[in-house]
Amino acid sequence: MEKEDVEEVNLQQKKKHKGKHDKPKPWDEDPNIDRWKIDKFDSSWNPDGMLEVSSFSTIFPRYREKYLQEAWPKVKSALKEYGISAELNLVEGSMTVSTTRKTRDPYIIIKARDLIKLLSRSVPAPQAIKILNDEMQCDIIKIGNLVRNKERFVKRRQRLVGPNSSTLKALEILTGCYILVQGNTVAAMGSFKGLKQVRRIVEDCIENKMHPVYHIKILMMKKELEKDPALKDENWDRFLPKFKKKNVQTKKIKSKEKKPYTPFPPPQQPSKIDQELESGEYFLSEKKKLAKKWQEKQEKQAQKTAENKRKREEAFVPPKEPVKQDSNKAENDKEDVAALTMSLKQKAKEFGKKKSIQNVNAEEYIAAPTTKQP
């Protein structure tokens, strides 16, 4: 009983402290308020401007120089509306943005920094300028350090793009984001929710956790479930497909056999000079050495050309045709066999008659022609 009283007192004390700061506000449960909505900045909120100058700069690759030079007037005019000055330095290969006295929005310099980052990562200028809108955000996903093997990395990056960029287009439609795969980075532009989905899909693809097609299927199912008001507050795990990773057979690494330990070091291998001394080549003159090397080279070359010639001529050798037996020949063979059997029968009869008269050897009698028989 005493323990229960102590617990009740502790709960009351906790409630007192909690209620002091976490009082319910009238706008917490107001259904008319959209907490995800981003209000557009009004210049009247900050009439005096910025106290200090803030600037950001980034470098760009040389192949982007020509395009940036052509598109820079558009970029400069777009930033001028927000009171941001932009500078393109072709000598150093850099872009710089900085605030001015006309700048009112304190966050616009961060947006301008994202703009020059996107431009340096091969995003087209008209698309990159959209980042200056309040509802548009960007995310640059680094994928170069997720896989060590270069060939494997290229295959997985191509898997993300898909045949004729079909996978990338499907992801853009479902997430509502612009996605550009370039080199070791993936640049994405869109809402916070869409960017979170894109980052997860890209990382799962490069790390070989899940194929992008499975992510597309899940996103399509979620789009359908969102339309049903009855399932709005329920858990959707039972409706979504679950994909298990199959165990792919990998090559077994052959373990090297451990040699028996010996305290003595291995015998020293003969050097090139020792081998030349054994063969007697060491004492030859430079001219003879060169002549010998040239002769060996010519012999190898001749063997190689002969081998290549043989391989080329193999294609022109006609295949052997199956031998067809003539019907006339087969009939003649049958006639010969019949004649032989008849002659053997006749010889056997004659031999039986003459055996009683003379001692005749059977093998010699049969082997001898019919005309020369005694």
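Numbers here mean position along the shown chain, with the first residue as 1.
A Cβ is built for glycine as well, from the same backbone N, Cα and C atoms used for every other residue.
Noted in TrEMBL for the protein shown:
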COMPBIAS  13-23  compositional bias 'Basic residues'
COMPBIAS  24-33  compositional bias 'Basic and acidic residues'
COMPBIAS  247-257  compositional bias 'Basic residues'
COMPBIAS  293-337  compositional bias 'Basic and acidic residues'
DOMAIN    54-134  domain 'KRR1 small subunit processome component first KH'
DOMAIN    136-227  domain 'KRR1 small subunit processome component second KH'
REGION    1-33  region 'Disordered'
REGION    247-274  region 'Disordered'
REGION    293-338  region 'Disordered'
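Model confidence over the domain 'KRR1 small subunit processome component first KH' (54-134) is summarised by a mean pLDDT of 93. Across the range of the domain 'KRR1 small subunit processome component second KH' (136-227), the DSSP-based residue counts are 56 helix, 17 strand, 19 coil.
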